[in-house]
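Student: Sharing the record's features from Swiss-Prot:
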- Asp8, Asp9, Ser39, Asn91: divalent metal cation binding site (BINDING)
Amino acid sequence: MNLLITNDDGISSAGIKALERVLGKSYNTYLIAPLKERSVTSMALTVFQGMRVERINDNHYIADGFPVDCVNIGLYAEIFPKIDFVISGINRGVNMGYDVHYSGTVGAAKHGALHGIPSLAVSSGRIDPEDGYEKEAELVLAFLEQYKSQIQSGEIWNLNFPPEVSGTGTISELVFTRLGRRRYSEKYEKKQIIEGVSEFQLNGSLLGHDEETGTDFEAYAQGKIPLTPIQLDLTEKNRLKELLTNR
C-alpha cells in the first residue's frame with residue numbers, strides 16, 4: 001500500500017519524521033511537506049501563482065505551500081505512484097472539536113478524502129517529546145493494521161493522542177467519539193502604525209469546551225485515544241428534511 005504523508009508543522013517536524021520512520025517498515029511511504037510552519041491554514045490552496053517544490057529524492061519533496069498543496073501535488077503532479085492512503089501529522093498539539101475547521105493537519109486529510117482517498121489526521125497532546133513521537137507513530141501503525149480496511153473511500157478519520165501514551169504498540173485505549181463543542185474567546189493586541197492604520201495581533205484563544213458525553217474531549221480527558229470519523233458534506237440533513245417537509 002502506498003501512503004502519502006504530509007503535515008502542517010513543516011518538513012523539519014519530529015512528528016512527520018516519526019511517521020515515516022515507523023510506517024516505512026510496513027508500507028511504501030511518500031513524503032511531501034510544507035517548507036515551513038503552516039498551522040491553522042485549514043484547506044488553503046495556492047492559486048494564481050506558481051509554487052516552488054524541491055525534490056530531495058524519489059520519495060521526499062518539500063513544497064513552499066500549504067498542506068493541501070502538498071496533497072494535491074502528491075496526487076496529481078506525477079511525482080509519486082498511485083496513492084492508496086493519505087496520512088497527515090503527527091501534529092504538535094491536538095485537533096479536537098471545532099478545531100478541525102481551522103486545522104491544516106485535518107485540512108490535508110480532508111483534501112485526500114475530497115479526491116476519494118481514505119485519509120487519517122493524527123495529532124498529539126505531547127509537545128516536543130524526547131522520543132520524537134515514536135510512541136504515537138507505533139500506535140498509528142497498529143491502527144492501520146487493524147482498521148485500514150474499514151476506512152472507506154472518501155472518509156476522514158481524526159485521531160488524537162493524549163499526553164500520556166503507553167508505547168505498547170496496542171490501541172486498547174482507542175475509543176470512537178463524536179466531535180465536541182469547542183469554545184473560543186479571542187483577544188487581540190492593537191498597535192497603531194500610523195494615523196488610521198493599526199496592526200492587530202491575535203494573542204491566542206482562551207479555549208474551553210462543553211462537557212458532553214461521547215465526545216473527543218471527554219475521551220481525551222480520561223486519558224483515552226479519541227478517534228472521530230468526520231465528513232466533507234456539511235449539510236444539516238435533519239434541518240433540511242424539516243424545511244422540505246414544512247414548505
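Every residue gets a Cβ built from N, Cα and C, even glycine.
Tell me what's around each of these sites.
Tutor: Its own atom aside, the Cβ of Asp8 (divalent metal cation binding site) has 32 Cβ atoms within 10 angstroms in the protein chains shown.
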Student: Would you say which of the binding-site residues Ser39, Asn91 has the most Cβ atoms within 10 Å of its own Cβ?
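Tutor: Per the Cβ count, the most surrounded site is Asn91.
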Student: With the divalent metal cation site defined by Asp8, Asp9, Ser39, Asn91, which remaining residues of that chain have Cβ atoms positioned within 8 Å of the Cβ centroid?
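Tutor: So the additional residues around the site are Asn7, Gly10, Ser13, Glu37, Arg38, Pro67, Gly89, Arg92, Gly93, Ser103, Gly104, Thr105.
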